[in-house]
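Asker: Quick one: structure below, then a few questions.
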């Protein structure tokens, strides 16, 4: 400790170590420590990524749900696991702290995976075996207590992943101090590596994990996930003495933002003063103001400024927080409001991803999956294509593209966050268009060989599954641009207290995408019921008689329209003023 007192500048403001002392820059946090966090994230993804793609097969083949129902059950589970992350983020910020939040969530997820494995192991907990692809047999769907076990396990996993998604990225970003140029750059790299960890974990999950599920049985597959989750928890916990921890504040930043909206509505009849300095703010010299951050007043969303109008009667020491808010609080609410249109424009991205995770797997099931004469790829391993590809692209993006564009633009992240998101949106539209073309090609092969009623897997069409890799490949790049761009955008724009809630904006956007996917499938089916033989574009159990190509085309057009809206909002977005990082950056570029 004495050493630390000599170098006062070595202390990290606003972060503590595990014993509650102020964190020291050399010993706590930094890139080395964040590796443990990335490792834990990787192990968690080994456990869960294969679930997202293989659960459709599990629900359909073992639990006997119809295809569209199975796809909807899975997108609902994914949606919920993203939505719940907001709850955990608020808890992590206000009560339990991010470190504990990750530990608890991990344990819950471990329980869920173990429960799935147990159910998959004992035949009495499942419906009797039977072939879903044979139209003559009637398979018994899972019901009663067994169904309860299935859904309890599934939603325990949803709760666990939600918690990890909420607390882990922000706990990782807490290891860096964005006021210092080098650490700010490291933080940007950290977000890119977060995707890299996801891809590493994902690629093991989609190869080894899927192989175990398909060849050794589902019980072994889920068990493998549980073991991996356990290793991840140990990895994460081992870093405790090295972490910079964000001390827990009892007020929730989300509630403070809501207070602004309430106060602005209650004060809507009051007149705004001509001089913004007359609006309410804490005294910078007073004792209470030491820990608070201050934000200057800006001329946007002026209606919200009414929340900070002081009435002459309000001289008492503590004003009612639901009637009077300080300017900084109002500015934070403005930042959040400004992010909303950007947030809305990215929902459709996940809508496209959901189709690739469900219907494209179904496409793959009908195609020829052999790599060599003897070795076949399981269709659930198809997403390995974009994932493996990202393993190469992310480091290239982070180490080559960013420094190169940084020299030209002088922006620490190479291109602005919003430009990055935009590139991804265009690519996702392109990916859906490709998917539509591929589907036309695949159905053509089925028609030419009179195989429209071929049984998937057993009678593969004479067309290689690698044709599907094109749509996955384009979407993989889109993924890297949009999702990582959004994570960075939300984290760097959000006010201090809202950091972990801000990453949840991304998860929310994804959740809405998954839910919308379920809704869209149902709408499209009911709208096209009369005009097609298969009772809807996506009806029935036979993908060859469906009109999946029209559905993909529809999504591609929707994505393009959405991109036009995005351009309009992104052009008007004003970035918040950042601290000293930017000027030093541009000087470097000039040298």
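From the backbone N, Cα and C atoms, a Cβ is placed for every residue, glycine too.
Feature annotation from TrEMBL assigns transmembrane segment to 35-57, 77-96, 103-122, 147-168, 189-212, 218-240, 335-357, 377-397, 418-438, 466-491, 503-528, 548-569.
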Asker: Please report, as numbers and ranges, the same-chain residues at least 6 past the borders of the transmembrane segment (377-397) whose CB is under 8 Å from any CB of it.
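Answerer: Distal contacts: 49-50, 53-54, 57, 192-193, 195-196, 199-200, 202-203, 206-207, 210-211, 213-214, 356-357, 360-361, 364-365, 367, 369-371, 457, 465, 468-469, 472-473, 475-477, 479-480.
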Asker: Of the stretches 103-122, 335-357, 418-438, 466-491, which racks up the most C-beta pairs under 8 Å with the transmembrane segment (548-569)?
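Answerer: Stretch with the highest Cβ contact count: 418-438.
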Asker: Would you mind listing the long-range same-chain contacts of the transmembrane segment (189-212), meaning Cβ under 8 Å and 6+ residues beyond its ends?
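Answerer: Residues 31, 34, 38-39, 41-50, 53-54, 169, 172-173, 175-176, 220-221, 224-225, 378, 380-381, 383-384, 387-388, 390-391, 394-395, 397-398, 479-480, 483-484, 487-488, 491 contact the transmembrane segment (189-212) from elsewhere in the chain.
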Asker: Mind pulling out the one from 77-96, 103-122, 147-168, 466-491 with the most Cβ pairs under 8 angstroms to the transmembrane segment (35-57)?
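Answerer: Selected stretch: 147-168, with the most Cβ pairs under 8 Å.
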Asker: Quick one: find which recorded stretch in 77-96, 147-168, 335-357 has the most Cβ pairs under 8 Å with the transmembrane segment (103-122).
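Answerer: Result: 147-168.
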Asker: Among 77-96, 147-168, 466-491, which stretch has the highest count of C-beta pairs below 8 Å with the transmembrane segment (418-438)?
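Answerer: Comparing 77-96, 147-168, 466-491 against the transmembrane segment (418-438), the winner is 466-491.
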